[in-house]
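Below: the structure, in structure tokens.
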Amino acid sequence: MDAMASPGKDNYRMKSYKNKALNPQEMRRRREEEGIQLRKQKREEQLFKRRNVYLPRNDESMLESPIQDPDISSTVPIPEEEVVTTDMVQMIFSNNADQQLTATQKFRKLLSKEPNPPIDQVIQKPGVVQRFVKFLERNENCTLQFEAAWALTNIASGTFLHTKVVIETGAVPIFIKLLNSEHEDVQEQAVWALGNIAGDNAECRDFVLNCEILPPLLELLTNSNRLTTTRNAVWALSNLCRGKNPPPNFSKVSPCLNVLSRLLFSSDPDVLADVCWALSYLSDGPNDKIQAVIDSGVCRRLVELLMHNDYKVVSPALRAVGNIVTGDDIQTQVILNCSALPCLLHLLSSPKESIRKEACWTVSNITAGNRAQIQAVIDANIFPVLIEILQKAEFRTRKEAAWAITNATSGGTPEQIRYLVALGCIKPLCDLLTVMDSKIVQVALNGLENILRLGEQESKQNGIGINPYCALIEEAYGLDKIEFLQSHENQEIYQKAFDLIEHYFGVEEDDPSIVPQVDENQQQFIFQQQEAPMDGFQL
């Protein structure tokens, strides 16, 4: 877990929260790679590589019309005779400019073929890729430059080995020079190629950054009035900011924050989406990176974009907001001061499960904050929705809701914890004790322990000697489940279960040799028939 909180927050939690079993660093949780599906999926919202596909047209010169939008794909068939021929290779090595252009266009059309362009055939022809790179330097022939750049773009849209060929032929520094070309088509194709190269992996990304791409790229973004160029340039910039293993050198990419903050007010959803992705990557890290993002002045606009009508904008905006609230309490408060909670409440009812899940994750990092921040979540009427999610949602979303509620029981006041109990949080927490995810079983046990601890304090203060929350847990079949957890394979879980029973329930397990069976399909423990409640232990 790469969670990170400020030292002040850690100390405060250790002193103020009695729940020593819940690691204070874990309360503020960085996004877990295995837990968030959006980045793993090939999502529509963002592609790390894009091929400029070929659409047959009558005009020979591509400079007569804007470059095709990167999100448009084509399945237009290419005539079978268009394969790499000896004539094409001879023409590309000709000294005749017209033949060079004709051959390059033929190669470009082949490389634009969907869905499987013959990249390997092209790069295996000796000297052809190097010839394309040579054509990039033909400033007197912008049409040839453009066609060569397009061909190289599509080679770089392939595998790492394909991208590596483009890098090793020395194309990257030349593409960066072409960002200052007088011809917009050439500029746009150059930035597209650089985006594909940077999008391959961290090694390629860092190579492009070390070639000093950022100053001319930011100048292009500042000066261009062409929407397709802006789209491609922002997408390339987001690829330069992307990656965690390792992340890009922050000093290399942080100068883009001012430009991103301006582009965050674009009216184009594609531009907005990639700006938000870039900000989400930049804020995914330690608190000093989060602070740099905050200082760029983007928070209020990011929160506004949570209510955008296009999910491809909402998803990365939510990711960025969620990353910012993994910071310390002061950084979290910046987001709260932008009226984020009503937006998060809205997103908790989104028809998209992935949005609901990330909204729960974001709220869980807010409830890991101070008591005033927990109260703000209460005042926003978010907890009733969280408890409903805890009861009914998909398991991956329930997990995030469990963190949100347990974090609130860990740092909340007695009144705040009583509020959660009154909303009915005990039953769904008890239901989580039977799932196969050991971490979530621990989270649920910690939440119940915090509630029981409060009940013990209240019973002593009131002189009644009875913990009012023990009965609620028993009614929810929680005691039965805690007893069975004494046979859990995880040492921390069975020790916690033993301690809870010994301290709060004053009973011993009848037969410590009983080990529940596991139903792999249901991902939960199955208890003996006579011990199970009437409605079973369903997720």
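Even glycines carry a Cβ here, placed using N, Cα and C.
Note on Swiss-Prot: of 1-40, 81-120, the range annotated with the feature region 'Disordered' is 1-40. Checking the ranges 45-54, 265-274, 365-374, 495-504 against Swiss-Prot, the motif 'Nuclear localization signal' annotation falls on 45-54. Shown for the repeat 'ARM 6' (287-326): DSSP residue counts in helix, strand and coil, namely 30 helix, 0 strand, 10 coil. For the repeat 'ARM 1' (76-116), the model gives a mean pLDDT of 85.
Listed by sequence, the residues of this chain that lie at least six past the ends of the repeat 'ARM 1' (76-116) yet keep a Cβ under 8 A from its Cβ atoms are 51-56, 60, 122, 125, 127-128, 131-132, 135, 141, 143-144, 147-148, 150-151, 154-155. Using a Cβ-Cβ cut-off under 8 Å and counting only residues 6 or more beyond its ends in the same chain, the repeat 'ARM 5' (245-284) has close neighbours at 30-31, 45-46, 71, 202, 205-206, 209-210, 214, 217-218, 221-222, 227, 230-231, 234-235, 237-238, 290, 292-293, 295-298, 301-302, 305, 308, 310, 312-313, 315-317, 319-320, 323-324.
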